[in-house]
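According to Swiss-Prot:
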- S559: active site, charge relay system (ACT_SITE)
- D645: active site, charge relay system (ACT_SITE)
- H690: active site, charge relay system (ACT_SITE)
Amino acid sequence: MQQKTKLFLQALKYSIPHLGKCMQKQHLNHYNFADHYYNRIKLKKYHLTKCLQNKPKISELARNIPSRSFSCKDLQPVKQENEKPLPENMDAFEKVRTKLETQPQEEYEIINVEVKHGGFVYYQEGCCLVRSKDEEADNDNYEVLFNLEELKLDQPFIDCIRVAPDEKYVAAKIRTEDSEASTCVIIKLSDQPVMEASFPNVSSFEWVKDEEDEDVLFYTFQRNLRCHDVYRATFGDNKRNERFYTEKDPSYFVFLYLTKDSRFLTINIMNKTTSEVWLIDGLSPWDPPVLIQKRIHGVLYYVEHRDDELYILTNVGEPTEFKLMRTAADTPAIMNWDLFFTMKRNTKVIDLDMFKDHCVLFLKHSNLLYVNVIGLADDSVRSLKLPPWACGFIMDTNSDPKNCPFQLCSPIRSPKYYTYKFAEGKLFEETGHEDPITKTSRVLRLEAKSKDGKLVPMTVFHKTDSEDLQKKPLLIHVYGAYGMDLKMNFRPERRVLVDDGWILAYCHVRGGGELGLQWHADGRLTKKLNGLADLEACIKTLHGQGFSQPSLTTLTAFSAGGVLAGALCNCNPELLRAVTLEAPFLDVLNTMMDTTLPLTLEELEEWGNPSSDEKHKNYIKRYCPYQNIKPQHYPSVHITAYENDERVPLKGIVSYTEKLKEAISEHAKDTGEGYQAPNIILDIQPGGNHVIEDSHKKITAQIKFLYEELGLDSTSVFEDLKKYLKF
């Protein structure tokens, strides 16, 4: 469930545009742009309404992964020379896919944006914005506030909801799955709700109330995937809409965040490594904003508020990892910050939640999850180690000062609810049916020694009763960019694979964020090759410890994860049998040299500036997948790209695919008759964008590819898919 209490850290650090949803939905540590950072989400059964027949939006919990961003036109389909023909008869995969696509949509669980405010719950029902009494939120007794079809968009869905403090207005951001463009509608609440106004291309937005009891909406405007302008608007008899702030540095973006107690609205001006925050008084929004601390290169900070004190999560000072500091709200400058709490070394701060008497930190340390509960009255700290099966948090809305609810999940286990009760000082877990996967599978935390001696964590899943793991298929997952954790949310198809005997391995290589800020720093710019060395070490370690073998090893990556995946295919193709890539970033050099692209300047801190720095240019040439394709044997590759993806270089994907096929053809000629060429498939999906949900068609196509390339029997896996995907 969502309301104005938001994911604190994710709303800020992980709203960076490269995540795939700047100022729109999000993916979390770096999550989906479905405002998974910007709003709190709960699983809710979606009820179709009679008023509209458009299918509702299905979204994934942690989809927001950093990404390149582009527009691409005049795309020509790629001739799939090496693609194996499908059998004439419809096989098990096709039957499953067909059944999934024709199944009534309401049979599936939907991630639905909800906001609880006052005595009401606001949410999307079918294609309508509705509200119902809190106690009636799970039945069909609701009031329709706005029909999304009035906007005449194709399959619209609500991305974010904000309710004005006195519930005179509600603002909703509406998008379609084919575009990242959004429309923010303002609905005046009355006996007959009406749309008061609408604004295009809104990213983040928040309500405050001024001294005259008038509702004021602050919002950011997105142009060419960048958010540089902040506006404020009023409605009713005193309508006004004015630009309030413009960020002139193109390498920064702007994001709004309302502190949990609604006392301050923060204007967050950020890039990948540096931030600056201004405070707007929630009681006097027309007063000039107050600067907390002018931007200092390399210093990140995020702000919460409680009882006239600011709590600042920052990397300032040594060590350069996040620490919690505190200062009086009327003396916010950095020289007044006092150290309040420090993290252990190699600890990742996933989120922070502020309560009346407690501050709760959600952490990852040594590849395990923890919750630290800090008593603000006595500075006491209670550290709770969470179950070892858990790999990810899903934050829940919380307006109750006595409880802190959240969910835990893993790639093969559906989310489970937990609640920390402050009065008892204990963590309570949801009771009921125990997931059988806990008894039929194992989760292992392993480490691989990289080329320079650095230990790289891995998370491995396999069936408990599996015998001779060396003969089992292995699916490697990698990302390693932007300081983002490898996505480990629940995926039904991953569970099906484990049930069918697969080994899943998640390699937390440098460049990601699993071990904190330094882990990211050691895998960006002129240290990108560390991530590649880590990935190679992980795969070799798994093989050496008896997990699968190269002929049964596959690799999957999304977006910027395609850099390491593509680089490995160039330098060590013998480690892999098949690779699946989704919206992959494959041409780093040409992309970063094109400063006309909307986000290139914001990406310089991650990849470097090859246009002005010869050192960066030469270094990128060493690992860039496109630049290093050569005539040799490659694993089979399945690439999924999206026709309307604004954030990934689609032309670059096409060029990469053609160049790869040419290299394979040249190698085949040199090798001679009898050479078995790998299967190279480019699947360009119509519509969609970089943050579109996983479709059943895509899932079945990718699994089909893996099974066929490894020569495995797919009969049982599709029966299980039918069960887990609910038809």
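Residue 1 is the first one shown; counting continues down the chain.
Every residue, even glycine, has its Cβ placed from backbone N, Cα and C.
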Rounded inter-Cα distance in Å - D645 (active site, charge relay system), S559 (active site, charge relay system)
11
Taking the Cβ of D645 (active site, charge relay system) as the centre, how many other Cβ atoms fall within a 10 Å radius?
28
Other C-beta atoms that fall within 10 angstroms of the C-beta of S559 (active site, charge relay system)
28
